[in-house]
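Remarks on the structure that follows.
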C-alpha cells in the first residue's frame, strides 16, 4: 500500500457482511457496493429466507441484474440455517459454487430472523456436514432469551453457545460477525486459525452514548446494539494491532426512512456509501493506516481461501459532505453519517 498524505491506494476491498434486500431497494443500494467492492457476502435474511440452492441462484441473478455496466462485482451467496434444513441441500450448494457460507441467526435475534435456529442441537447434522466439507459458518452471536439484557447478549453467547460449539466441532471454520464487545475481541484474538471476525464502521466509530445522549439517534440503532466506550476501544485496538483474522464487514442494512424514524424503529445502518472512508478515518486516528489494506482487502480472502482482488482503488483525504438522503420509489434512505462532513472518501 502506498500512502502519501492525501491519497491511499489499496487493493480493491471486499465486504464480508452485507444486506442488499430485494425489489426496488435492491436496485437502489447495489451500485453503492458494486462501485467500490470486488465481492460481498450477501446475507440471506429475505422474507422468505434463502434456504435452497434455487433461491440463492435466483437471488444472485437479481443482484447481478442491478449491477451497473462497468462495475466488476461478484456477490457471494449464503444459506440461511433453519431447524429443518437438509444437509444435502447445503452441501450441493457449496459444491456447485452457489453457497460460499451458511448463516446462523438465533431465532428472532435481528431483522427477518424469525425462521432462525432455536438451538444448536437442532442443526447439529448440518454443522457436522459443514465441518466435513470445509464450509464456513457465519454467526450472529447473540442469545435471545427475554431475561438477558440486550447489552449482555453477545458476551453470554460466547460462553453458552460459541465456545461449546467450537469445542464440539473443532475443525469448523467460524466467522463471529459484527463483534461489538471487548469479550468478543479477546475471544477472537485468543482463538485459533479457524475463528475470525468482522467489525462494522459504526461499532468502531461510536458507542451507546452517541446513540442515546442528547436524544435518540435512530440511524445509529443496529443489532448487535452499540455498547459502552470500553468495548468500542477494544474493537479499535484489535483492528489497529494488525491482527489478521479480523476483516471488513459493513453489515450495511438499508431501511426506508419511515421504518427507522418510528415509534418502533428497525435496526440497521445503511453504510455502503460511507463505510470505507469511515474505516480509513478510524485507522488514521489509531495511527494504523499501515494495516488498513489488510483489513479491507487481504484478511477476508485469506480466511475464506479465496484470491485477493487484482485491481486497486484510491481514497482521498479531503473533506466531503455526505448526502442527507437517497431517493427511493416512495420514501428516502438515510445513509450512515448523513449530512456530516467526512475526512476520507473513495476517489471517483
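Just so it is clear, glycine is given a Cβ too, placed from its N, Cα and C backbone atoms.
Summarising the annotation, Swiss-Prot assigns Zn(2+) 1 binding site to 17, 19, 103, 251. Marked as substrate binding site by Swiss-Prot on the basis of sequence analysis: 19, 20, 21, 45, 140, 223, 255, 267. The N6-carboxylysine feature in Swiss-Prot is assigned to 103; the stated evidence is sequence analysis. Under the heading active site, Swiss-Prot lists 251, citing sequence analysis as support.
Residue 17 (Zn(2+) 1 binding site) carries a strand DSSP state (E or B). Cβ packing within 10 Å was compared across the binding-site residues 17, 21, and the lowest neighbour count falls to 21. Take the CB of residue 45 (substrate binding site) and look out to 10 A: across all protein chains shown you find 22 other CB atoms.
According to its DSSP assignment, residue 103 (Zn(2+) 1 binding site) is in a strand.
Comparing Cβ neighbour counts within 10 Å across the binding-site residues 223, 267, the minimum falls on 267. For the pair residue 255 (substrate binding site) and residue 103 (Zn(2+) 1 binding site), the C-alpha distance works out to 21 angstrom. Within 10 Å of the Cβ of residue 19 (Zn(2+) 1 binding site) there are 25 other Cβ atoms, across all protein chains. Residues 19, 20, 21, 45, 140, 223, 255, 267 are recorded as binding substrate; their most distant pair of Cα atoms lies 19 Å apart. In this structure the alpha carbons, written CA, of residue 140 (substrate binding site) and residue 19 (Zn(2+) 1 binding site) are 13 Å apart. In sequence order, 18, 41, 43, 45, 138, 177, 178, 249, 253 are the residues of the same chain, not among 17, 19, 103, 251, whose CB sits within 8 A of the CB centroid for the Zn(2+) 1 site. Considering only the binding-site residues 17, 19, 103, 251, residue 223 (substrate binding site) has 251 as its nearest partner by CA-CA distance. Within the same chain, residues at least six positions away from residue 103 (Zn(2+) 1 binding site) with a Cβ under 8 Å of its Cβ are 43, 44, 45, 78, 79, 80, 81, 138, 139, 140.
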